[in-house]
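See below for the structure under consideration.
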């Protein structure tokens, strides 16, 4: 197997590494179809990775305002992301299936259009943040979808979390119009979205990445360009698979500490100061101990991402027994009516299992 080549460069102002990774063995995705739009082709993706851990030079409010921005999807993530663009002085047009969710944005100065088609017809650059692959495909390609308004010279940036095949499908439909496409799923939940601290995992047309960069910097703290479409989606699924597995294990630890007579609050302090520290523990732990789950990332979305990640793993014959076990736990939690609670509510599935055993 040939070696992977690595090259590094530094800037005079700040230390920055650019890592170019060119594996010779293609990554083969054979995902299961999740919609009637999809078939079962084998897709080979070669990829090149670039990381940006610092913002690009900020544009002035006047410069930002020269690019008309569309934003589709005013949910728990889309709304704060669009708000940050508006507050930065961007010219923003919004759409959501439930019109009332657009009202706060219009109150801040956004325009409203009644369909994705109308948004892309009037905007230079359109972002889409939808709940799942089916919604992302429908908004882009369905009746009055984005593809019917977009055209050459414009760009479509899908920041939804979808599977690889769905992202490639949307990309093809967008690019068939002459427009450019970038997938840019985010790492981060409600609070990072509100604070403009998201991490963007982008792939697709490099010119669109460069055009969108100032707007990504408004909504996020860092961005990674991962090459061809599909790599951003794959990276996001791997990240969320790890996160979901960590949360399930953390929930077990909280309950075990209580069972043996330890103070779970002290457990949270201990893990937060050690080698396994993750912000998630100190952020979620106290509310989990109180059985309160304010929604930052809905449990149903975490389980959806676990399902998609397991499908990705199966497509390349990668064993993921830990993630598979965690996925079953999230499915149990959904069956208890916890779908719209924060994903930390997965602890309730473990409590129920303990009660049944007793």
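Glycine is no exception: its Cβ is also placed from the backbone N, Cα and C atoms.
Per Swiss-Prot, the feature transit peptide maps to 1-44. According to Swiss-Prot, the feature NADP(+) binding site maps to 70-84, 161, 304, an assignment based on similarity to another entry. Look at Swiss-Prot and you will find 236 tagged as active site, backed by similarity to another entry.
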**OP:** Give the number of CB atoms, excluding that of residue 76 (NADP(+) binding site) itself, located within 10 Å of its CB.
**Re:** 18
Subject >> Close binding-site residues near residue 236 (active site), where close means Cα within 10 Å, chosen from 70, 73, 79, 82, 161 >> reply: 161
Original post:
Which number gives the other C-beta atoms within 10 angstroms of the C-beta of residue 70 (NADP(+) binding site), all protein chains shown included?
Top reply: 32
Subject >> binding-site residues listed as 79, 161, least Cβ neighbours within 10 Å >> reply: 79
Subject >> Number of Cβ atoms other than its own within 10 Å, given for residue 82 (NADP(+) binding site) >> reply: 30
Subject >> DSSP three-state assignment (helix, strand or coil) for residue 79 (NADP(+) binding site) >> reply: helix
Subject >> Sequence-distant neighbours of residue 73 (NADP(+) binding site) in its chain (C-beta under 8 A, six or more apart) >> reply: 95, 96, 128, 129, 130, 131, 135, 139, 160
